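According to Swiss-Prot, the protein has these features:
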type: ACT_SITE; residues: His312; note: active site
type: ACT_SITE; residues: His358; note: active site
type: ACT_SITE; residues: Asp413; note: active site
type: MOD_RES; residues: Ser462; note: phosphoserine
type: TRANSIT; residues: 1-37; note: transit peptide
Amino acid sequence: MSAILSTTSKSFLSRGSTRQCQNMQKALFALLNARHYSSASEQTLKERFAEIIPAKAEEIKKFKKEHGKTVIGEVLLEQAYGGMRGIKGLVWEGSVLDPEEGIRFRGRTIPEIQRELPKAEGSTEPLPEALFWLLLTGEIPTDAQVKALSADLAARSEIPEHVIQLLDSLPKDLHPMAQFSIAVTALESESKFAKAYAQGVSKKEYWSYTFEDSLDLLGKLPVIASKIYRNVFKDGKITSTDPNADYGKNLAQLLGYENKDFIDLMRLYLTIHSDHEGGNVSAHTTHLVGSALSSPYLSLAAGLNGLAGPLHGRANQEVLEWLFKLREEVKGDYSKETIEKYLWDTLNAGRVVPGYGHAVLRKTDPRYTAQREFALKHFPDYELFKLVSTIYEVAPGVLTKHGKTKNPWPNVDSHSGVLLQYYGLTEASFYTVLFGVARAIGVLPQLIIDRAVGAPIERPKSFSTEKYKELVKKIESKN
């Protein structure tokens with residue numbers, strides 16, 4: 001029974017044995033009920049993926065054979081020295097980022113995702129697990145399929161005792177993202193892929209074990225994230241996973257929140273932070289490490305370490321710190337004139353305006369827009385939201401006049417912290433952990449696809465500066 005229970009270990013539950021027994025029974029019932037949903041008339045996610053992947057693998061094989069020698073772009077020297085920005089060199093099936101339009105998940109914009117994906121009863125926000133299904137298969141699941149997937153993820157949420165003890169032993173002043181990466185790495189003990197590979201499983205079966213690891217990991221992430229949050233900022237105790245709740249609701253409740261609107265925020269947050277094509281640090285790192293046939297646990301842990309950087313996922317924490325400093329210095333004067341002066345002072349001091357600009361986007365990030373619309377709906381008069389709104393009115397003009405950015409518009413990090421602050425989740429150093437839970441929803445489907453289509457290990461070519469000089473001299477002498 002332990003393989004299908006969603007309750008976490010007794011060592012950190014605050015409920016008694018009777019409550020735990022009830023949760024065990026609920027988990028069993030929910031999983032059996034989910035299997036009924038899927039077996040009656042609907043395919044499970046694994047069944048559906050197994051059905052469609054042979055044709056996809058053949059499509060890729062044929063495409064490479066017929067067009068493998070086609071030139072798809074050129075590489076400039078400045079790109080080699082500039083973080084490979086803009087170089088076409090990765091395959092990422094789940095999403096594509098358009099500079100003007102923003103992200104599309106399997107061809108769908110964020111507003112389309114918000115309209116079309118299944119939702120929990122009474123909710124207006126899409127279910128993150130429905131997006132996981134879409135990213136993996138390219139198809140929108142039915143309500144019954146999502147309900148079965150929600151129950152499956154809840155049933156996989158139990159955390160090994162050694163991981164709990166490890167988290168409890170970590171110093172509270174260790175950054176939550178470091179703790180998150182440590183815990184995910186420690187879950188390698190549970191890897192079905194690693195065990196199967198050690199036993200010589202056929203390459204054709206790699207994807208199946210990667211799928212199982214990915215769903216196991218996804219099911220455990222809300223518990224790990226919440227345990228870190230409760231250890232560092234609260235009393236260390238968390239409740240158990242609700243076997244009948246969806247992914248976003250379980251995350252909210254494990255963190256200690258029952259507010260209906262906050263639960264909806266978690267659904268939205270996890271959805272829009274999940275995927276942003278494959279070239280960003282966390283997605284690329286997860287894919288890169290996975291290409292060496294490291295398990296999903298080790299691959300995601302590596303991606304989380306990249307996400308923890310201040311130039312990537314930790315930017316939302318830095319935005320909030322900057323907002324607080326701004327608020328303190330302007331002393332309640334949120335006029336456009338005051339904000340504009342503060343922005344110019346920031347830029348003239350050689351600092352950046354956090355939350356503005358993006359490596360690819362050249363318009364307002366639609367993820368920012370989705371969060372802004374949520375705030376307008378739920379708390380239009382909130383002080384911090386009003387401040388962010390004023391900055392939104394002023395900053396693009398200031399940044400354009402400053403002339404040192406290609407994109408003067410806000411990105412996703414410019415808004416997310418304000419939403420969390422409103423609902424009382426004020427510990428900014430934890431925000432990137434939530435980002436990490438969301439990012440798993442985007443990167444794990446690609447790992448499964450990589451193994452299913454036999455993607456090779458990643459190995460680009462590197463040159464030293466001297467070698468590049470030789471190459472440039474040779475090229476220029478021919479022109």
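Cβ atoms here come from the backbone N, Cα and C positions, even for glycine.
In this view, the densest Cβ surroundings among the active-site residues His312, His358 belong to His358, judged by other Cβ atoms lying within 10 Å. Of all the recorded positions given, namely Asp413, Ser462, the one with the smallest number of surrounding CB atoms inside 10 A is Ser462.
When the Cα atoms are compared, the residue listed as 'phosphoserine' and Asp413 (active site) turn out to be 32 Å apart. Between the CA atoms of His312 (active site) and Asp413 (active site) there is a gap of 9 Å, rounded to the nearest whole number. If you take the Cα of Asp413 (active site) and the Cα of His358 (active site), they are about 10 angstrom apart, rounded to a whole number.
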